[in-house]
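Report on the structure given below.
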Amino acid sequence: MEAWGAVIVAAGKGTRMGTIQSKQYLPLCGKPVLVHTLEKFEQIEEVAEVVLVVGEQDVGLCRSYVTDYKLTKVKAVVAGGAERQDSVYRGLQELDSRWVMIHDGVRPLVSREAVTRCCQAAYRHGAAVLAVPVKDTIKQVNDQGVITGTPDRQSLWSIQTPQAFQRAQIVDALERAAADGFLGTDDAMAVERIGVQVAVAHGEYTNIKITTPEDLPMAELWLSGQK
Ligand SMILES: Nc1ccn([C@@H]2O[C@H](COP(=O)(O)OP(=O)(O)OP(=O)(O)O)[C@@H](O)[C@H]2O)c(=O)n1
Ligand SMILES: C[C@](O)(CO)[C@H](O)COP(=O)(O)O
C-alpha cells in the first residue's frame, strides 16, 4: 500500500459541548481528547505524514504536544479557518502524499482496522468514507414539529471520518466549492457534487464524534476498554 497523508482537523469551537475549554482539549482518560486521536494515527501503518489543524491561538500548545507526546508523524501544525471546510483545505496544503485522509480531531476512538478498510475502499472506488447503518427510524420534521416523511432506513448511513481521497481531487473539489459558495458538513459532499462516486466502508458505532456532554463519559468507557 502507498503511504498516506492525514489531515486532523481540530480548529472548531465546540459550541455544542458548552464548555469554556474547547472539547478537543478536554481531558479523556487523563490526556486531551486530541492527543488520543493523534496517538491513534501514530499506530496506523498506512499513514506516513500527519498535519494538525487547530485554532490560531492553540498552534503553540499543539506544537508542544508533538514533543511532549513524541508524535513522530506530525509534520506541521497550522491554523485553521472559520468553517471546517476551510480548515481541511489549509491542512491539505501541507501534505505531499497522493492519497490523503481527513479525520476529526474529536473522534479519538477510531480503530486501525476501520482506517485500513477506508483506505482499501478508496483504492477500489477512488474515494471512501467510514459509515455505519442507522439504527433508529429517521423522520423528517417541519418547523412546526410535525413529521413530514420517513425515509427508507435501508439506504441511510451515519457518516464518520476518516474520509479518504486522492489529494488532487479533494483539493480541486474544495476550490470549486469555495468558488460556488458551497459549504458541506463533510468532505465527501464537495467531491459528490462534482460527480465523483464515494464508497462507504464499514465504520464502527464506537467511532463517535465527541459533540455534546454525554459523549465524553461514553468515550471514557470505550477507550478504557480498548487499552
Ligand atoms: N472551523 C472549523 C470547524 C470545525 N473543525 C473541526 O472539525 C471537527 C468536527 O466538527 P464539530 O464536531 O462540528 O466541531 P466544532 O465545530 O468544534 O463543534 P460545534 O459545531 O459544536 O461548535 C472537529 O474536530 C473540529 O475541531 C475545524 O477544524 N475547523
Ligand atoms: C465530518 C463529520 O464528522 C461526518 O459525520 C460531520 O459531518 C461533521 O459535522 P459537524 O457539523 O462539524 O459536526
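The backbone N, Cα and C atoms fix where each Cβ goes, and this holds for glycine too.
Quick look at what TrEMBL annotates:
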SITE      R16  site 'Transition state stabilizer'
SITE      K23  site 'Transition state stabilizer'
SITE      R153  site 'Positions MEP for the nucleophilic attack'
SITE      K209  site 'Positions MEP for the nucleophilic attack'
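What TrEMBL annotates, mapped onto the structure for a quick look.
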{"residue": "R16", "record": "site 'Transition state stabilizer'", "Cβ contacts under 8 Å, 6 or more apart": "T211, T212"}
{"residue": "K23", "record": "site 'Transition state stabilizer'", "Cβ contacts under 8 Å, 6 or more apart": "G12, G14, M17, V33, V106, I210, T211"}
{"residue": "R153", "record": "site 'Positions MEP for the nucleophilic attack'", "Cβ contacts under 8 Å, 6 or more apart": "P133, V134, T137, I138"}
{"residue": "K209", "record": "site 'Positions MEP for the nucleophilic attack'", "Cβ contacts under 8 Å, 6 or more apart": "D104, V106, R107, Q160, T161, D215"}
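Secondary structure at K209 (site 'Positions MEP for the nucleophilic attack'), taken from DSSP and collapsed to helix, strand or coil, is coil. Proximity to ligand 2 (Cβ under 6 Å from any of its atoms) holds for none of the recorded sites R16, K23, R153. According to DSSP, K23 (site 'Transition state stabilizer') is assigned to a helical segment.
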